[in-house]
Amino acid sequence: MLGFVARRLGLMVPTLFAISLVSFAIIQLPPGDYATTLVSQLEDSGQTVDTAQLEAIRERYGLDQPIVVQYWTWISNIVLHGDFGQSFQWNQPVADLLSSRLPLTIVLTLSTVLFTWIVAFPIGLYSAVRQYSWGDYVATTVGFLGLAIPNFLLALGLMYIALTVFDADVGGLFSAEYEEAPWSLARFADLLGHLWIPVIVLGTAGTAGLIRILRANLLDELHKPYVVAARSRGLSETRILFKYPLRVAVSPFLSTIGWVLPLLVSGEIVVSQVLSLPTTGPLLLRALRSQDMYLAGAIILLVSVLTVVGTLLSDILLARMDPRVRLGIR
Amino acid sequence: MTTTLLPEDQTPDPTPEQAPAPADRDRASQWRLVWWRFRGHKLAMAGLVVLGGFYLVALLASFLAPHSTSWFDEDYIYAPPQLPKLVDTSGDDWNWGPYVNGYTLEQDPDTLELTHTVDPGTRIELGFFVRGESYSLFGLVDTNIHLFGPKDPDQPVYLLGADHRGRDLLSLIIHGTRVSMTIGLVGVLLAFVLGVVLGGISGYVGGKTDGLIQRVVEFFMSLPTLPLWLGLAAALPRDWGPLQRYFAITVILAIIAWTDLARVVRGRFLSLRTEQFVTAARLDGSTRRRVIFRHMLPSFTSHLVASLTLSIPAMILAETSLSFLGLGLQSPVVSWGVLLEQAQNFRAMADAPWLLLPGVAVVLAVLSFNFVGDGLRDAADPYR
């Protein structure tokens with residue numbers, strides 16, 4: 001087990017390095033550098049540019065240095081000092097901006113993963129055991145629709161229904177009175193009251209995919225000879241199902257977090273934008289639109305790293321459950 | 001008293017078409033067998049018909065749409081949809097012929113906001129093959145005949161409502177079909193080349209090269225794609241024209257989408273490498289290129305077509321999401337995603353829910369592609 005974790009961690013290092021390179025490349029892509037963007041921003045608002053201040057900025061980000069040095073300055077500041085640079089649009093350190101929003105993104109994503117599992121598991125199980133039943137057809141149809149409807153359309157549709165039928169405004173994660181309030185039990189309850197809509201919207205596609213996978217896996221297992229043997233020995237149907245085929249079918253279920261997580265992180269951006277949630281998604285969009293690249297790069301970096309770490313955790317979990325994975329047998 | 005009973009073996013063959021005679025089956029080519037099996041898949045056939053319809057619409061967009069994309073009428077901003085009717089029963093005589101009701105305009109005295117309501121009292125006659133704006137069909141024929149429209153071109157007809165500039169939503173959706181249905185194809189084509197080449201090398205050569213390419217694939221798969229797309233799309237120069245942008249977006253989509261195909265191709269190559277016919281070809285002295293392109297690739301073309309079909313809807317959804325967020329295609333280009341961007345404004349959506357209609361087209365297209373892809377995947381191996 002330790003060997004597996006070590007191997008897996010070793011594989012993660014080049015991935016993390018590549019992610020940092022890509023994020024840095026995105027920061028560098030727009031024409032001009034941070035200093036020239038800042039100058040044009042200041043001039044647009046009619047302010048004069050302080051040359052000494054500009055020099056300090058060039059010094060701070062190493063803008064006169066070759067690109068490799070710039071990359072090193074950027075990444076070492078992040079890793080060693082937790083300094084992600086400055087957002088010129090907000091005139092705040094990027095780290096401060098993210099500290100309030102990133103936890104909400106993580107809460108939203110994790111709740112959605114839990115939701116996906118809780119919903120997909122019984123439905124997938126039912127669809128496989130009662131194949132071609134009425135319920136199976138409903139589940140399959142809903143599954144297909146869930147995969148075909150873009151997240152934002154679902155969000156818009158739900159919002160429209162909420163607005164016209166229930167006359168409620170469903171945007172945001174908090175009611176107005178809790179928006180700026182410190183954390184308390186009441187604020188937490190308020191968050192839960194708002195969280196369910198984005199969770200449903202985000203979780204639909206993943207749930208649909210998981211139902212199909214679990215159904216297919218379980219159907220493969222259910223027709224194997226060992227099930228017939230167990231049945232002929234007089235074991236009850238429930239016991240047969242839960243003792244053997246389900247355990248085999250569940251392990252791919254766990255490993256799906258590897259593809260569900262990137263999907264959710266992508267979806268989060270669109271859904272949060274539509275429902276105006278105070279998460280990292282809308283912040284990233286605004287940063288990209290105004291070419292506030294240090295902010296955008298930092299968000300892309302953090303979100304990708306979190307995804308990779310999440311995948312790692314699910315792999316370790318899977319290895320604990322399934323010795324074939326742990327020992328590297330295919 | 002006599003009762004005649006039909007002998008059971010005289011009941012007609014339920015599926016005369018789907019079960020060809022054994023002699024035919026033995027002589028049929030692989031593609032014919034694939035087609036026969038595909039034909040039995042009802043949802044897939046339905047999907048194929050719908051897709052055919054979509055591409056026909058894309059091809060004949062300027063003829064089918066009552067208006068061009070640049071046409072607008074500021075007097076009819078957010079005009080609601082009109083229901084086309086066949087018979088007018090309001091008068092003494094029944095009046096046959098398609099028509100819609102006109103609008104009455106009301107102005108809110110406080111907010112000065114204009115609202116339109118469909119007025120059952122007025123009548124705007126519709127006609128087929130009416131003359132309207134001129135356009136050039138396929139760039140060859142200059143004409144001004146549209147499939148349908150108001151007989152008097154100055155009358156307002158908005159079968160699916162109007163948008164924030166008073167454009168006809170139906171015409172926009174029809175024109176948007178062109179971009180939305182092709183951007184996936186172009187992107188998939190690029191991804192296909194990358195996927196087949198890299199997956200092929202990975203599976204055929206194996207060893208260290210395989211390991212390296214697989215790491216790259218895993219890297220791309222572990223990344224959340226949307227932030228990456230957004231980052232790349234935001235970095236496109238602002239002064240690029242719509243066509244350049246369109247092409248750049250397809251390239252961006254393809255950069256990330258090739259990994260799935262590469263996986264499929266690699267898996268196939270790995271399993272085929274040890275097959276006897278491949279060994280035989282190699283022993284016969286075929287070059288590596290010949291082994292790959294003459295012997296290995298043709299044996300899983302049908303699988304490739306299936307995975308290609310299944311990867312198009314992902315591209316369409318990606319384009320829609322990017323454009324919806326304002327970082328993909330931008331007007332004056334008209335695509336379903338660009339149209340849906342208008343619905344991002346929450347108030348606009350509450351007042352004009354018909355702005356969500358392009359989404360119906362997206363869902364329909366994506367579902368059809370998924371069904372066709374599923375059908376192809378099931379039919380891909382006809383000898384099973």
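The backbone N, Cα and C atoms fix where each Cβ goes, glycine too.
TrEMBL: automatically predicted annotations, no manual curation.
Feature annotation from TrEMBL assigns domain 'ABC transmembrane type-1' to B:177-373. The annotation region 'Disordered' is assigned in TrEMBL to B:1-25. Residues or ranges marked as transmembrane segment in TrEMBL: B:43-65, B:179-204, B:216-234, B:246-265, B:296-316, B:352-372.
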Restricting to the same chain and to residues at least six past its boundaries, which positions have a Cβ under 8 Å from a Cβ of the transmembrane segment (B:246-265)?
179, 183, 186-188, 190-192, 194-196, 198-200, 202-203, 213, 217, 220-221, 223, 225, 228-229, 232-233, 236, 240, 303-304, 307-308, 311, 314-315, 318-319, 322, 328-329, 333
Residue numbers, six or more beyond the limits of the transmembrane segment (B:352-372), whose CB comes under 8 Å of its CB atoms:
43-44, 46-48, 50-51, 54, 78, 80-81, 160-161, 163, 169, 172-173, 176-177, 180-181, 309-310, 312-313, 316-317, 320, 336-337, 339-340, 342-343
Hey, would you say the transmembrane segment (B:296-316) packs against the transmembrane segment (B:43-65), going by three or more CB pairs under 8 A that are 6+ residues apart?
no
Long-range neighbours of the transmembrane segment (B:43-65), counting only residues six or more past its ends (CB under 8 A):
135-137, 145-147, 168, 170-171, 174-175, 177-178, 181-182, 364-365, 367-372, 374-376, 378
